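Asks: What TrEMBL shows for this protein is this:
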type     : residues : note
REGION   : 1-27     : region 'Disordered'
ACT_SITE : Ser180   : active site, charge relay system
ACT_SITE : Asp257   : active site, charge relay system
ACT_SITE : His306   : active site, charge relay system
Amino acid sequence: MLRPPLSILTASPSAAAAGDKKHKPVNRRRRMALKQISSNKCFGGLQKVFEHDSVELNCKMKFAIYLPPKAETGKCPALYWLSGLTCTEQNFISKSGYHQAASEHGLVVIAPDTSPRGCNIKGEDESWDFGTGAGFYVDATEDPWKTNYRMYSYVTKELPQLINANFPVDPQRMSIFGHSMGGHGALICTLKNPGKYKSVSAFAPICNPVLCPWGKKAFSGYLGTDQNKWKAYDATHLVNSYPGSQLDILIDQGKDDQFLSDGQLLPDNFIAACTEKKIPVVFRLQEANMICFYCVGNGILNGYDHSYYFIATFITDHIRHHAKYLNA
């Protein structure tokens, strides 16, 4: 394992002090201490994984970070990836094939875990779509989840401050993207924070969670039964109150995605809301470009689905989409 320079492991006093003004009082060393878990050379850069004690989530959290070759000589833009249900920080870095494009465009890419872990909350491991691995990027308001399940604040506040203080990134150049539950997260983080992110994109995002089974289950558990509170974390509803600052949204959706046909994703509702508000959105329904007659004859779906094979096919397009704005 390669040991990073001290500057990567410890925040500068000025950066830490600035962060303390915006957050509840905490032990600065505890908040900023990073433990390197792994480091691997990849396309001239380094793919690393770190662990730290999260103040927002009250548990240890892991995040992956790719440092491109350009990070050795100067500050680079930061691109945040949010993963979907059941994922950890490992899925994206091991399956998407994003490294070459990130290296070429000089982007630092950060991929956090999808929820707190090991919090000993009753029921947190009982189902795959709620609790562990399913934080839904909200700040929970209901017991027993509200103490730990604050993924929205972690992703939009604590993690960026940690990254800005410890790695060679430009805090003014930041973008976000994600998949499924993480696509939902990327969209709401952008829509709730106008101007914070230079660009946003998503693969098969959960676009209207207040109306889909996944969203109803998660929101009722984390946010309670008042559905008006749910709308604060629903991209389709947030579009209606978005103030209109420049946005250029890219969404890729596989035509043979089973969760699309099951009514979990509901992209049409989001597109309609964006059209009404005149918010530019490029929605690409990705179809198979060849026909497998065996599959057709046996009722087997042959097109792009919800998997990382789909993500890997179009990940370079998304990196380029973000680089256009981050490197402008």
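Note: Cβ is positioned from N, Cα and C throughout, glycine not excepted.
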Asks: Among Ser180, His306, all listed as active-site residues, which has the most CB atoms within 10 Å of its CB?
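Replies: It comes out as Ser180.
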Asks: To the nearest whole angstrom, state the Cα distance for the pair His306 (active site, charge relay system) and Ser180 (active site, charge relay system).
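Replies: A Cα-Cα distance of 8 Å.
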Asks: Just how many other Cβ atoms lie inside 10 Å of the Cβ on Asp257 (active site, charge relay system)?
Replies: 24
Asks: Taking just the CA atoms, what is the gap between Ser180 (active site, charge relay system) and Asp257 (active site, charge relay system) in Å?
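Replies: That comes out at 11 Å between the alpha carbons.
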